[in-house]
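Trainee: Take this structure first; my questions come after.
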């Protein structure tokens, strides 16, 4: 293996330590593989390589000196547009499949099945029923669950093009629903939206880049619908998150425990594993693990159990291979999405078991344990016992757990934020937030979303941008691997607020934190959950917009994805634009091969839907542009 300089791979000290260990042991990681891919294809990076039919692949010369059309006659604008919207559709399919899984579980529960699950948050269930117009008076709980499941599954089944998805219609501001409805951007059916996107991008179909991009925005709104229903139903099923103190980074692993990582996105299994682990503690101790069982999280599954159970977060997407390198990981249990196929190859060098659980997501070299919700506890016990058995194969001489970890205050659901505000004003909880936006103590709000990528130093842009905006009194929210970056860097603490927040923001967070009984300020970055939980920020923003009597596109609210990587992130960014948010991406999407498409998403979209993309790889200038967008919105509100 070629020597690799690990110093600039990640801003996370734990990651650097483990990468040096990988280097010393000739173990290949994502950073090594990225280096071997250089130089990456310029045609693909610009979106100018088309592989849609077997006459290709066709490449368009970005400089205009070579081919201008594919064999079928598609020009650069069509090629770029249809590949972009296909990526958005794939992201939508991933998030909505997650949501479908939860909705089907709710349906089974309403029918008296799935005895290992129950409705843990009845108050949230009744709140959802009110939102969706389901009668509750004098009705049994399971009947209400059944109606909610039916309405939700209807968003995957409805064939009436004039009837928008129920969750979107009920959850957005009336002005946004009307605006998007008039533009034809409200999907009627999640599955149909994905299917239609694939159909219209088949060879010989839609060749109008503007029409294609509008179709992309429509399917992105289906992604928001799928995320909304996944988040809300998960809260009813597993509990709505409330603030909890946890910890983050590889130092959360324990030498004297059976360490089990849950990695992926769906809480159906990981939540049960957290419940069952306590029951098998004595078995772990009997096997020699004096500290019992230690569950740790990776990626969005990690955030699901972190905010509901206080489970510590080991790391985010790009460094998911590194917990194996500690020599102290007994098992990594994975379900769906963002799971590296390299994991079993690295695990072969250690005692770690990589356990896949979803029949649609298997990995060569991993051990597959099929997960059946009807036997959830039994499956969880099987997996945990596999990890306990692996503990006996651990080589103590190879254990190298980094000492570094950070305290993290997490679990700020929309309900938790409102509850904290209610400590200041019980009669009108949103008033303190509105008042402080109006008086300028809070200039605006930024939502950090998205992934990690090897194209930049891991986590660095997140941290730099958040500090820059917080200093200018911008309230910072985060989900997914963005939240993981902040947790690992210690920005989800009261101490970070004291150190980095501007005076206005610091005063607000201190007042609310003290009133809420935290004994100090709210954390600098507020953890809202996993990637589907971006819908929590939308719920909070919608409540704020409705209170002010404005649309979402009027609010001083922006989004940022400094390390945008996955197709899901493109879907998230696209619906953020569609609901009216200026949205920054720090990885250049494959659109620069088309001036028309680039202008559509960065300029024309602003006139059409209110939101637009800001593409900037430099955190400093990106922060300036986001802050300028916030100031433009404030001016529009007369602030």
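Start at 1 and count along the chain as shown; that gives each residue its number.
The backbone N, Cα and C atoms fix where each Cβ goes, glycine too.
Under the heading [4Fe-4S] cluster 1 binding site, Swiss-Prot lists 41, 49, citing experimental evidence as support. Annotated [4Fe-4S] cluster 2 binding site per Swiss-Prot: 50, 53, 58, 72, in sequence order. Residues annotated as [Ni-4Fe-4S] cluster binding site in Swiss-Prot, with experimental evidence given as evidence: 265, 300, 338, 451, 481, 531.
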Trainee: Between residue 338 ([Ni-4Fe-4S] cluster binding site) and residue 58 ([4Fe-4S] cluster 2 binding site), how many Å separate their Cα atoms?
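Mentor: Distance (Cα to Cα, whole Å): 29 Å.
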Trainee: What kind of secondary structure is residue 265 ([Ni-4Fe-4S] cluster binding site) part of, going by DSSP in three states?
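Mentor: DSSP assigns residue 265 ([Ni-4Fe-4S] cluster binding site) to coil.
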Trainee: Determine the minimum-neighbour residue: among 41, 300, 338, 451, 481, listed as binding-site residues, which Cβ has the fewest other Cβ atoms within 10 angstroms?
Mentor: 41
Trainee: For the binding-site residues 58, 531, work out the Cβ neighbour count at 10 Å and name the residue with the minimum.
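Mentor: Sparsest of the binding-site residues 58, 531 by Cβ contacts within 10 Å: 58.
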Trainee: Taking the mean position of the Cβ atoms of 265, 300, 338, 451, 481, 531 as the [Ni-4Fe-4S] cluster site, which residues outside that list, in the same chain, have a Cβ no more than 8 Å away, listed in sequence order?
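Mentor: Here the nearby residues are 299, 316, 317, 337, 480, 530, 566, 568.
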Trainee: Please name the residue among the binding-site residues 49, 50, 53, 72 whose C-beta has the most neighbouring C-beta atoms within 10 angstroms.
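Mentor: The residue with the most neighbouring Cβ atoms within 10 Å is 50.
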Trainee: List, in sequence order, the same-chain residues at least six positions removed whose CB sits under 8 Å from that of residue 265 ([Ni-4Fe-4S] cluster binding site)?
Mentor: 98, 299, 300, 301, 304, 335, 336, 337, 338, 530, 531, 532
Trainee: Which are the residues of the chain, 50, 53, 58, 72 excluded, whose CB is within 8 A of where the CB atoms of the [4Fe-4S] cluster 2 site average out, their centroid?
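Mentor: Everything else in range on the chain: 51, 52, 55, 56, 57, 70, 71, 74, 79, 203.
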Trainee: Could you tell me the C-alpha distance between residue 49 ([4Fe-4S] cluster 1 binding site) and residue 451 ([Ni-4Fe-4S] cluster binding site) in angstrom, no decimals?
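Mentor: Rounded to a whole number, the Cα-Cα distance is 24 Å.
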Trainee: Given the binding-site residues 53, 58, 451, 481, state which is nearest to residue 41 ([4Fe-4S] cluster 1 binding site) when distance is taken between Cα atoms.
Mentor: 58
